[in-house]
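Heads up: the structure comes next, in structure tokens.
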Amino acid sequence: MKPSIYAFSQANLVDWILENGEKKFRATQIWEWLYRSRVQSFAEMTNLPKSLIEKLEEHFVVNPLKQRIVQESKDGTIKYLFELPDGMLIETVLMHQHYGLSVCVTTQVGCNIGCTFCASGLIPKQRDLTSGEIVAQIMLVQKYLDERNQNERVSHIVVMGIGEPLDNYDNVMTFLRVVNDDKGLAIGARHITVSTSGLAPKIREFAREGVQVNLAVSLHAPNNDLRSSIMRINRKFPIEVLFEAIEDYIKVTNRRVTFEYIMLNEVNDGVEQAQELADLTKNIRKLSYINLIPYNPVSEHDQYSRSTKERTLAFFDVLKKNGVNCVVRQEHGTDIDAACGQLRSNTLKKDREKARARIAAAKAKAGIRA
């Protein structure tokens, strides 16, 4: 299986070009074709010699993804189901925000973090995505926008789709450098947010990368007992270890950290827990922000439901009274398979049902012949 050329940073592409006996400027030409002209084949790179096009076609593909399903919400949110070269499925979401167009990308096929409320973890991690497969999600969404001829551009990225981004660290870092490159897509680093469930050592490493992207931490509980019961990762990196890493990140980068907090009815949404959360973040109040997230129910996790508006507002009020910077996050795509991983999970179910039906039909046909 040929890798995608999107897997290369510009520096990597220059290295490959030189190693293959070509002039350095060819890398710049290829880069501009990929990210400025956004061509989908090497044959469209009309200022390259035929011999170089043949080399590229021999070693790489451009976009490795196939579009399987597109769902569009009434609010303009678009969810894509893409098929990878090995047949695995991933999701990508385009959201219309007041500040621009934001894309949520997936970094792994499945997830091993084991959050008990999440659709992403219904299927264990199969593999990491390559950097090229992550970049390709942005490129296909941008292609979709280009074809609408409304002069729309992906302006923001959230690395919050299926999987744990910091568990696929090297590929995610390459992805960030590709989309941030000012000679390519030129998406500003401060318009990019990487989320983590709390891999403390990787947070420390990320702090020292020198990138200006934003960090979000999926917290979802204010104490170890509760967090360990709903997020398996907390048993490995408990809250005190996680917060030591977060404080180190803030000290090194002087950048704000966002905490994601899904509101689960009568699980983590009490006013006592709001006070615990306020106390937990007290030492980093000036450089932290809390997103309260309405829960998108998942049929396989029917023990959970969305917090009521009353409980959410009471929780929010406690945080505000403690001087916490917080907001109740705007919802997107509530009339489609909104929860992360839900479209993929539902599609896999339907595919299995169709396969069983085909097998049953074949058996019935064989029985008739017999």
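Note that Cβ sites are derived from N, Cα and C of the backbone, with glycine treated the same way.
Copied from Swiss-Prot, the annotated features are:
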ACT_SITE  GLU91  active site, proton acceptor
ACT_SITE  CYS340  active site, S-methylcysteine intermediate
BINDING   CYS111, CYS115, CYS118  [4Fe-4S] cluster binding site
BINDING   GLY163, GLU164, SER195, SER218, LEU219, HIS220, ASN296  S-adenosyl-L-methionine binding site
DISULFID  CYS104-CYS340  disulfide bond
DOMAIN    97-329  domain 'Radical SAM core'
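Structural mapping of features recorded in Swiss-Prot.
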{"residue": "CYS115", "record": "[4Fe-4S] cluster binding site", "contacts (Cβ under 8 Å, 6+ apart)": "GLY121, SER197, SER218, HIS220, ILE230, MET231, ARG232, ILE233"}
{"residue": "GLY163", "record": "S-adenosyl-L-methionine binding site", "contacts (Cβ under 8 Å, 6+ apart)": "THR106, THR107, GLN108, VAL109, GLY110, CYS111, SER120, LYS125, ASP128, LEU129"}
{"residue": "GLU164", "record": "S-adenosyl-L-methionine binding site", "contacts (Cβ under 8 Å, 6+ apart)": "THR107, GLN108, CYS111, ASN112, ILE113, THR196, SER197, LEU199"}
{"residue": "SER195", "record": "S-adenosyl-L-methionine binding site", "contacts (Cβ under 8 Å, 6+ apart)": "VAL158, VAL159, MET160, PRO165, LEU215, ALA216, VAL217, SER218, GLU260"}
{"residue": "LEU219", "record": "S-adenosyl-L-methionine binding site", "contacts (Cβ under 8 Å, 6+ apart)": "GLY198, ARG227, PHE259, GLU260, TYR261, LEU277"}
Requested in this report: Using DSSP reduced to three states, classify LEU219 (S-adenosyl-L-methionine binding site) as helix, strand or coil.
Outcome: coil
Query raised in the report: Looking only at Cβ atoms, how many others are within 10 Å of the one on SER218 (S-adenosyl-L-methionine binding site)?
Result: 22
**Report entry** Alpha-carbon spacing, GLU91 (active site, proton acceptor) to ASN296 (S-adenosyl-L-methionine binding site), which is rounded to whole Å
**Finding:** 16
Requested in this report: Let me know the model's mean pLDDT on the domain 'Radical SAM core' (97-329).
Outcome: 96
Query raised in the report: Can you count the other CB atoms that lie within 10 A of the CB of ASN296 (S-adenosyl-L-methionine binding site)?
Result: 19
Query raised in the report: Per the record, S-adenosyl-L-methionine is bound by GLY163, GLU164, SER195, SER218, LEU219, HIS220, ASN296: how many Å separate the farthest pair of Cα atoms?
Result: 19
Query raised in the report: Which whole-number value in Å describes the distance between the Cα atoms of CYS118 ([4Fe-4S] cluster binding site) and CYS104 (disulfide bond)?
Result: 16
Report summary line: One finds that other Cβ atoms within 10 Å of the Cβ of HIS220 (S-adenosyl-L-methionine binding site) number exactly 24
